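Swiss-Prot annotations:
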BINDING   39, 40, 41, 42, 43, 44, 45, 46  ATP binding site
DOMAIN    26-181  domain 'Helicase ATP-binding'
DOMAIN    430-596  domain 'Helicase C-terminal'
DOMAIN    625-660  domain 'UVR'
MOTIF     92-115  motif 'Beta-hairpin'
């Protein structure tokens, strides 16, 4: 069993990183439950966390607050740990409409979902890695606190095969069917097996290219080989192979029988209550739906929406904590919460939203009350899994502050860059003043970010600046991911000099060319002008040696004062460090291709945008088809190379091209 983390990097910890790594490692060794790494923008927090993982050598769960960020972290950790198991566990739905009922209009919305096969494969790869080795890092979104099948059941139902093992061919086939593998001799894909005489080929649920060939001689396994599923090329012999279930909700036959009896009993009790309350229509609906599901479970071993019966399948009492990915980890694992000021409130809010929707379904006869137990964890249940947890944020939230009296700071950037200087100027005449500042930046070939409070103000300001000949663009929430990347790219290339937006805090806006961030109406207290938002926004100018922030305000609010003082404190510390070590701040030199680290498709996508999209209208049907086919091929190649962000970019672009065509 491989159990050591091996960090591969041409860099050594620099600046503040060595002391941060040392303190974090010491905290874990001393058994500290909560620690917070308060790292300023651009100080290399991911590298610090990678060093921590290497030193403490524990299986690690890294939680991010959205798929894009999770994908970005996955790419980074994969680079740092190429010889260890770096896995990706996010929701496998490309599109998900949960089942819901609107009583006012008597409208039932069926569950509708499009499952991403690639992500499903990665989820299986993540859970199977946890049972096979200890050097595992799983990058997950909040989907890791949602219900999953029992880890004990999942582990017990693994089919373990070795050469010279005595097992009848038909018994192996039965075992594979029990763990949700389907026999398919024609369309051989993930989660299926095929039989050719004495040879059984199994396509594991956690793979997408290699399958396992088991060769029998009578009732004995003669040889086990790993084979390329597409070409049939033999890749090598195996001494042992473990086939993990094709579903996380697998149940042994005897448990399934017991679960069916329990579901029937709950159904009878529920129908009795409904009849007593005169809910005849709801009772009929519930009976019809549940009996159909039970029939499917008896005959097939599963049914659509089987997760709603997960409490019965795992034989847990009502109200008990569901199994989640966290239960698949060994007891001594470590949790890292990235951008914790956003992620922790997200984890906290999941349970209530889920219960509100399901309660309506239960009340109107679409589900049994036990469906309420198929849910995300309550926050206090999540807390029980915290043995060693590290929160990572430039602006920790109240929960982290409360639980970690002493913050571990990482303020010094390896590049020597300082936090920007801040000017506060009056609101009167702010636009004329801003135009003067923009002109000065344009002359030096630098860029400007402007953040406003309302959509209308953003639009009006954009129009006004365009009228006076400034190259400006406007970033708002309705812009698709693809266009967003293109706008940021154009800003870096100099097609625009100014970018205006309301919320410029979203990931991917760390642009080295930006030397000025202007905050309009900085004294209007609220979500976008809170101390946290202000510090994060100020950080956008910290990638440039000339970085400066101008706040337009008539009074200095409490949030402004905290943000200004914190930035000043950090800057003084950084200047002191640079002076002692003789460092001259250097603007980060980042390839334009790398606009958003999570989406390395920017380069290729730009090519398609310029070559394919404008000419699409003039193309013949055949030519258009050729472009689409080429992109589909590239998308699959990217997915195969585990470059999911690029694959997602190409997929979105494909959809746009198909819609236009």
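Sequential numbering from 1, following the chain as shown.
Using N, Cα and C of the backbone, Cβ positions are placed for all residues, glycine too.
The structure, with features from Swiss-Prot marked on it.
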residue: 39; record: ATP binding site; Cβ contacts under 8 Å, 6 or more apart: 20, 45, 48, 392, 393, 394, 409, 410, 411
residue: 40; record: ATP binding site; Cβ contacts under 8 Å, 6 or more apart: 394, 410, 411, 413, 419, 539, 542, 570
residue: 43; record: ATP binding site; Cβ contacts under 8 Å, 6 or more apart: 15, 16, 17, 410, 411, 412, 413, 414
residue: 44; record: ATP binding site; Cβ contacts under 8 Å, 6 or more apart: 14, 15, 17, 410, 413, 414
residue: 46; record: ATP binding site; Cβ contacts under 8 Å, 6 or more apart: 73, 76, 77, 80
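Confidence over the domain 'Helicase ATP-binding' (26-181), given as mean pLDDT on the 0 to 100 scale, stands at 86.
Shown for the domain 'UVR' (625-660): DSSP residue counts in helix, strand and coil, namely 33 helix, 0 strand, 3 coil. Those residues of the chain, other than 39, 40, 41, 42, 43, 44, 45, 46, with a C-beta within 8 angstroms of the mean position of the ATP site C-beta atoms are 48, 394, 410, 413. Residue 42 (ATP binding site) has a Cβ environment of 18 other Cβ atoms inside 10 Å.
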